[in-house]
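Residues or ranges marked as region 'Disordered' by TrEMBL: 1-40. According to TrEMBL, the feature compositional bias 'Low complexity' maps to 17-30. Marked as repeat 'WD' by TrEMBL: 52-93, 94-126, 136-177, 178-219, 231-262, 284-307. Feature annotation from TrEMBL assigns domain 'WDR5-like beta-propeller' to 52-341.
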Amino acid sequence: MDQSIPEINDHEMQDGTQTNSAAATQNAASPIPSATPPKPDEKLCFSPKYILSGHTKPVASLKFSPDGSTLASCGADKLIKLWDANTGEILRTLEGHEEGISDIAWSFDGEFLASVSDDKTVRIWDFGLGTQVRCLLGHTSFVFCVNYNPNSNLLVSGGFDETVRVWDVGRGKTLKVLPAHSDPVTSVAFNHDGTLIVSCAMDGLIRIWDTDSGQCLKTLVDDDNPICSHVKFSPNSRFVLVSTQDSTIRLWNYHTSRCVKTYVGHTNRTYCIPACFSSTKEKYIVSGSEDHKVYVWNLQTCQLMQVLEGHRDTILTIDTHPTKDIIASAAMEKDLTIRLWFGEMTQPIE
């Protein structure tokens, strides 16, 4: 990494105008008390608190609800499971997909869930009722990734038909089909105000799209062109965090087409493993790994803060809590568990 790159300030990474996000609103309204600031030598340490069992095949995606009260999981067993994020108790199981589920996403008001599957459908579920309310048809092959826009009136999805689709949630209709990539699309997301879409694919390209026009505004690609597993905007949308199958996570300034931070140490050469930003005052990056561990890096220094051990197989998916230092992780066949890791400030043992 180029050590001459200046620090990315907190205000550069966090967005104070994201009023559509319940999590962002809560952060702005309820800052973490600073009456007893941590001592300089204190550091954030995660330890496992809950191990959740219930899925019978690998878990493909984990997502905390916007208010952080619920964790949703989905997987190859065709099920969506909803868990109490504070106690680890199972709340409900949603059934309906005919093949394995690859991804799930919450609406920003927390009232709905979207899921995508190898059955080529995008389905929308009412969280309160636990029922399916829409089944969106249009993809011609496996659907791999999905996300809501901040107003929760649009969905974006991508899949093995190499397209990105933008959906009108209310009408259940396709608004746009973007001929986005030349290989399966592995990740899609909106920025903080819904004006941009980012996508990445097995072709190694990261593309930024104008939501309204469907025009491709920017294409990013690393010199070595590794397969792109996952991409997401930073909270204020000035950067994109990209996971690639060369065991590297890169933070890109897409305006300048420059990689400004690089995070390494984990193993990722086979599976599409996501990376996440923290949403608390402690700034860190989290990723799963094919060596069965969860890796946590300092956002600014790119140094490893902690490696979390306990899973017995490749960690396919992780997520970070919207308001607390909590990490959720899930692993493949030899494990099949979901683990909730809780962080706290600790002092080194002298």
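Heads up, residue numbers simply count up from 1 along the chain you see.
Cβ atoms here come from the backbone N, Cα and C positions, even for glycine.
Heads up, TrEMBL stuff is auto-annotated, nobody curated it.
Keep in mind that what you see is a predicted model, and the values were worked out from it rather than measured.
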Based on DSSP, tally up the residues of the repeat 'WD' (94-126) by helix, strand and coil. 0 helix, 20 strand, 13 coil
The correct DSSP tally for the repeat 'WD' (178-219) reads 0 helix, 22 strand, 20 coil
